[in-house]
Amino acid sequence: ACLARGETCKDDCECCDCDNQCYCPFDWFGGKWHPVGCSCAYTNKYVCDHKKEKCKKA
């Protein structure tokens, strides 16, 4: 089972397809940057290749 675009994730490898990465936008809050949560988002071929390496099943 993998996560579709827009679903909440913790890691790139959880997101379906190679052009789907776990993206964490940041919000300004009280003078500090903090993550507002990560979700699977469309990405480019560079990340695609990186993800293939990183996410190979052991």
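Here the Cβ of each residue, glycine as well, is placed from N, Cα and C on the backbone.
Of the cysteines listed (Cys40, Cys48, Cys55), Swiss-Prot assigns Cys40 as the disulfide partner of Cys15.
Which of Cys13, Cys16, Cys18, Cys38 pairs with Cys24 is settled by Swiss-Prot: its disulfide partner is Cys38.
Note: Swiss-Prot links Cys9 through a disulfide bond to Cys22 (candidates: Cys16, Cys18, Cys22). Each of Cys2, Cys48, Cys55 is a candidate, yet Swiss-Prot gives the disulfide link of Cys16 to Cys2. Geometry remark: Cys15 (disulfide bond) versus Cys2 (disulfide bond), CA distance 5 Å. For Cys16 (disulfide bond), the number of other Cβ atoms no farther than 10 Å from its own Cβ, over all displayed protein chains, is 13. Distance between Cα atoms for Cys48 (disulfide bond) and Cys24 (disulfide bond): 17 Å, as a whole number.
Using a 10 Å Cα-Cα cut-off from Cys38 (disulfide bond), none of the disulfide-bonded residues among Cys2, Cys16, Cys55 qualify. The Cβ of Cys55 (disulfide bond) has 13 other Cβ atoms within 10 Å, all protein chains considered.
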